Structure formats: C-alpha cells, structure tokens
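For Cys84, His380, Glu422, Asp452, the entry in TrEMBL reads Mn(2+) binding site. Here TrEMBL flags Arg123, Lys317, Arg348 as phosphoenolpyruvate binding site.
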Amino acid sequence: MTFRVDTPVLPSTVVAADGWSPSSWTSKPVLQDVDYPDQAHLNRVLEKIGRLPPMVAPGEIHRLRQQLADVAQGKAFLLQGGDCAELFDYCSQSPIEAKLKVLLQMSLVLVWGARMPVVRIARMAGQYAKPRSKPTEMHEGQEILSYRGDNVNGYDPADRSPDPERLLGAYFHSAATMNYVRSILAEGFADLHHPSNWNLHHVKSSTLRQEYQTIVDRLTDALDFMKTIGADPNAGGAKSASPLSSLSTVDIFTSHEGLLLEYEQALTRKMIDPTNSSQQKYYNVGTHFLWIGDRTRQLNGAHVEYFRGIENPIGVKCGPSMKPDELVALLDILNADKQIGKVTLITRYGVDQVDKYLPGHIKAVQESGHVVVWACDPMHGNTKQSVSGVKTRHLIDITRELSQAIRIHKQYNSHLGGVHFELTGDRVTECVGGSMELLDAELLDRYETHCDPRLNYEQALDMAFLIAKYQEKQRGFSGVMSL
C-alpha cells in the first residue's frame, strides 16, 4: 500500500505581536528560573524538543478559544481542575482514568444545574513544574535545593540537582497522557449514560445524600427520556453524526502553568492559522491553555513577554498583591486587540480577602473594555497548617470564597464564568471536611501530594453538586450558594 502526501504551500504572511519572537523573553528579567549546572546539556535537550512533533493542533487551540469566548459572554461555564504538581508516575492508566472520571462527572452535574455547555480543561499532561517561595529548604539539618517538579528535579532529597533530561521526560509523559486521553474518549469513555455508577455512600448526612441522589436520579431520567424519543444517537444502529453525539464524546483540553520558558519556547511553533490559511501564527503546541502564576506576572518580566505573543488562550492568577491599574496594564499587554475570552482571570484571594480585592478588580476590568473569563480558584488562598503537621485546606473556606465571589460578581453586574480546582480522582485525604466529614486527624491516612493539598473524588463532587444547586436556584429565583 502506498500513500500520497502533498506538501502544503506555506503562506508568506507571518502575523506576530510587535517586536515579539519566541525568544524575546530572554531580554527580560526571569523569575523562578532554574540554574542548570550543565548548560550545554540543556541546549542539546531543548534542540531535541524543538524537533519533536506538536502535541496539540492549532485547530484544537482555536476551538478552545471559541468556547472560552462563549464563557466570557455567559453562554457556557468553565471547569478547570487537576493536580497541583503532576508526577511522571501519574502517566498511567488508572490515574488518568480517575482524573477524567471526576472531571466528566462534575461537568455533567454542572450542565444539569446551569443548563448550558461546560468547557472542560484539565490541569494535566504537562503540569510538572511548580514555583517555590524559596530556592532551597532545610532537610535533616542541611540546606538542599527545593523540589521544583518532576520536569526539573526529583522529590527524593538526594535527587535535587536540576536535570535537563527531565524536560525530555516531560514531553514524552505529556504526549503519552494526551494520546491515552484521546484514545479512551474516542472509545466512549465520556459516555454520559452512567450516572447510576456514582457511589454516594461517602455522604454521611442522610439529608445531603438524598439531595445528591435526587440530582443523579433526575439526570438519569433526562438521559433515559432522550434515549426513548430517539435523541440519543447511541440508542441503537449506526452512530449519528448529529450534534447530539456529544452525549458520548466531549472535548477535554489540557493546561499547565507556563513556568519554564526554555521548554515553552522549544514547543512554540509557527503554524498555519486554521481560521485564515493565508497567515502563519505562533502557537504553543505543548498544551491548549497556559497560565501565568501570581509569582511571575511582572509587567516587565520574561513570562509576560512570552505569553503576549502566543495564540493559545491564557490565564492569569490574580491575588491580593495585584493592583487594579496593574491588572489593566497586564491585560493591555497580553491582549492588545481585546479579543473576547482570550484571557481568563483566575482569582485567588483567600476567604477573608475576597470582599477587599475582587470589587476593585472587577470595576477596573469593566472600565478597560476587556471582556475576560472570570474564574474563581478558591483553594490557593486558603492553605493552612494542620494539627497533623501537613498543609491542608478546609472545604468550608473553599465554599465560602466561591460563594462570596459569586455574590460580588452579581453585585457589580459581572459574571463568574468558571471555577479552578486542585483535585484528583483518587480517594486521598488532604483536605478537611466535605460530605464525607474528613477530620484533621485522618489527613495522614492517605496524604500523597508532593506539593499542595487536593480535593479528593468525593470532595470534588461535593463542589459540583453545590454549584449545580445554586445554578438551579438562579434559573428560578435569586439566591446565594451555601453549605
């Protein structure tokens, strides 16, 4: 068998931001940089990564851009979630399926509550690097380098020297994860016909368990009704090509914090714009969505310089240190054309700080003319030290910050378009509370995170049910989400 491959004629027009190139960030101050002991080794690895094929396609990136534009305009809801610091060991069948399962089940509950599409973005297939407050830490009386994520160094104290080969490992683990995700989604893993498989025995309150079960039962009835009237393309016979095929297949996009700029530059490619074949633009083809962390969003910094030139949709973490005028200046740099939904503002204040900072940020953005996606990250600002001696988060704080964000957006005629959670599909014990009433004394039972505490499977579903209950009320009358 032979195949004919026609070589495409590349267009001559290259569209890029003024004065920008994939390497222009190198002229700016770099925070959270990694000091590699062997620069020549690093250069060889980056050259290799630069020759490897893209992991995502421009068409996928533009599809996410359009969906986020819908979120920004109140036509869809954003669910973004996954591990705080992804490990190479998570590139395995069971962890991948568990994470997809919880995201899909959460999104189905949210679709039911809001009666609108849900855009699903996983913190997955690339979230291997983590910023740290200090480059070193103390271990058994000795100062050692901090763990910076699996794509930099090892968690074992004896393996803390930065190793360029780990960047290559990041590429191949990301590619393998994406390949398996695509494969199982194509085979029907996302089929929405199985809410009966949900186990709600973890819910200790009988009243709350009944509320959750009512939602699951109504979902089941709705899906059965669609099957009965023939709206379900999988009810029998050949698969339909109608839009209703989304009952069994969904979009799941990937994301990570764009922290290691050498790696991101190696994955930035000049490619044909699928919306205008006469132009080439620059895409980061290592993921669909990247975000700038709260520690690396300086206006004159290297990360902002890199992010302003790529076509991917981007996120910006906004905390108490972000001044309103600084936020507007940042948006003007990152999205000079004011494209709707290009930027997602991920707010992370802490439950006691939301009222103080969110109103000023909302008003500044409204007056600037930018139309952004507002997403609430109610986790990062609510990390505490537990009695057990490990970091934790309390679901009551997470719920309260989210509830306050919803209320403030309504008060200022704005729209909270989504949520951003650190979560896992596994039954870990890292956050306190929820319907399973996890206690501080139980944290060490399965405390597995190498960085920040995550919602477990049950707690993640708790958040989805709470949001869905609020959204259902909003369709009929005004209310405020509460536990």
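Keep in mind that glycine also has a Cβ here, set from the backbone N, Cα and C atoms.
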Query = Rounded to a whole number, how many Å is the Cα of Arg123 (phosphoenolpyruvate binding site) away from the Cα of Glu422 (Mn(2+) binding site)?
reply = 8
Query = Of all the binding-site residues given, Arg123, Lys317, Arg348, which residue's CB has the most CB neighbours within 10 A?
reply = Arg123
Note = Across all protein chains shown, the binding-site residues Glu422, Asp452 give the max Cβ-within-10 Å count at Glu422
Key: Cβ within 8 Å of the mean position of the Cβ atoms of Cys84, His380, Glu422, Asp452: remaining residues of the chain near Mn(2+)   = Met379, Thr383, Cys451, Pro453, Arg454
Inquiry  = I want to check the contact list for Cys84 (Mn(2+) binding site): same chain, sequence separation of six or more, C-beta distance under 8 angstroms. What comes out?
reply    = Arg123, Gln127, Lys130, Glu422, Thr449, Cys451, Asp452, Pro453, Arg454
Ask   = Given the recorded phosphoenolpyruvate site (Arg123, Lys317, Arg348), which additional residues of the same chain have their Cβ within 8 Å of the Cβ centre, ordered by sequence?
value = Glu257, Trp291, Gly293, Asp294, Gly315, Ile346, Asp377, Met379, His380, His420
Query = Can you tell me how far the Cα of Lys317 (phosphoenolpyruvate binding site) sits from the Cα of His380 (Mn(2+) binding site), in Å?
reply = 10
Remark   = The rounded CA-CA distance in Å from His380 (Mn(2+) binding site) to Arg348 (phosphoenolpyruvate binding site) is 6
Task = Determine the Cβ neighbour count for His380 (Mn(2+) binding site): the number of other Cβ atoms within 10 Å of its Cβ.
result = 21
